[in-house]
Amino acid sequence: MTNIRKSHPLLKIVNDALIDLPAPSNISSWWNFGSLLGICLTIQILTGLFLAMHYTSDTTTAFNSVTHICRDVNYGWLLRYLHANGASMFFICLYLHVGRGLYYGSYTYTETWNMGIILLFAVMATAFMGYVLPWGQMSFWGATVITNLLSAIPYVGTDLVEWIWGGFSVDKATLT
């Protein structure tokens with residue numbers, strides 16, 4: 001008599017993916033970070049969508065909208081903290097994932113490694129845009145301090161900063 005997890009059509013899919021996964025026996029917990037990245041990204045997207053439903057970007061009402069989210073929205077404080085700490089966890093998992101790849105020599109697979117580097121740069125650019133463009137309390141700081149890092153590039157740094165800003169300086173606390 002066969003086990004139900006191996007004979008039932010739906011349970012067979014779960015069994016083959018989770019229980020009887022054809023993985024080497026020496027696989028360690030270092031290989032979990034890709035899955036953790038997916039979970040963190042899903043949490044970021046969902047909490048970001050729910051937070052965006054209640055957030056206003058005007059300089060006079062942005063702080064009040066964050067206060068409204070934390071006090072009046074059901075579990076709004078939890079959404080805010082999950083979103084803030086989820087970003088940190090995402091990057092911790094990302095750097096550990098890259099570190100694991102360096103440790104185990106995954107850079108020898110050049111096509112895969114180069115695609116990962118492209119994804120890393122895309123994630124960092126997206127995180128920067130997500131930090132600067134929500135048009136919230138930290139936008140002014142994010143736009144000035146992070147982009148001023150480009151001014152360290154010799155000869156063209158200051159021109160790059162002015163080009164990214166679209167002028168000499170960023171104006172208000174929010175970008176509206």
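Cβ atoms are placed via backbone N, Cα and C, with glycine included.
Residues annotated as heme b b562 binding site in Swiss-Prot: HIS83. Around HIS83 (heme b b562 binding site), taking its Cβ as the centre, 18 other Cβ atoms fall within 10 Å, counting all chains.
As annotated by Swiss-Prot, heme b b566 binding site applies to HIS97. Listed in sequence order, PHE33, GLY34, LEU37 are the same-chain residues at least 6 apart in sequence whose CB falls under 8 Å from the CB of HIS97 (heme b b566 binding site).
Packing against the transmembrane segment (33-53) from elsewhere in the chain are residues 69, 76, 79-80, 82-83, 86-87, 89-90, 93-94, 96-97, 100, 130: each is 6 or more residues past its ends and has a CB under 8 Å from a CB in it. Annotation source Swiss-Prot lists transmembrane segment at 33-53 (among others).
Annotation comment: Swiss-Prot describes 77-98 (among others) as transmembrane segment.
The annotation transmembrane segment is assigned in Swiss-Prot to 113-133 (among others).
Listed as Cβ neighbours of the transmembrane segment (77-98) (distance under 8 Å, sequence separation of 6 or more from its ends, same chain) are residues 30, 33-34, 36-37, 40-41, 43-44, 47-48, 50-51, 66, 69-71, 116, 120, 123, 127.
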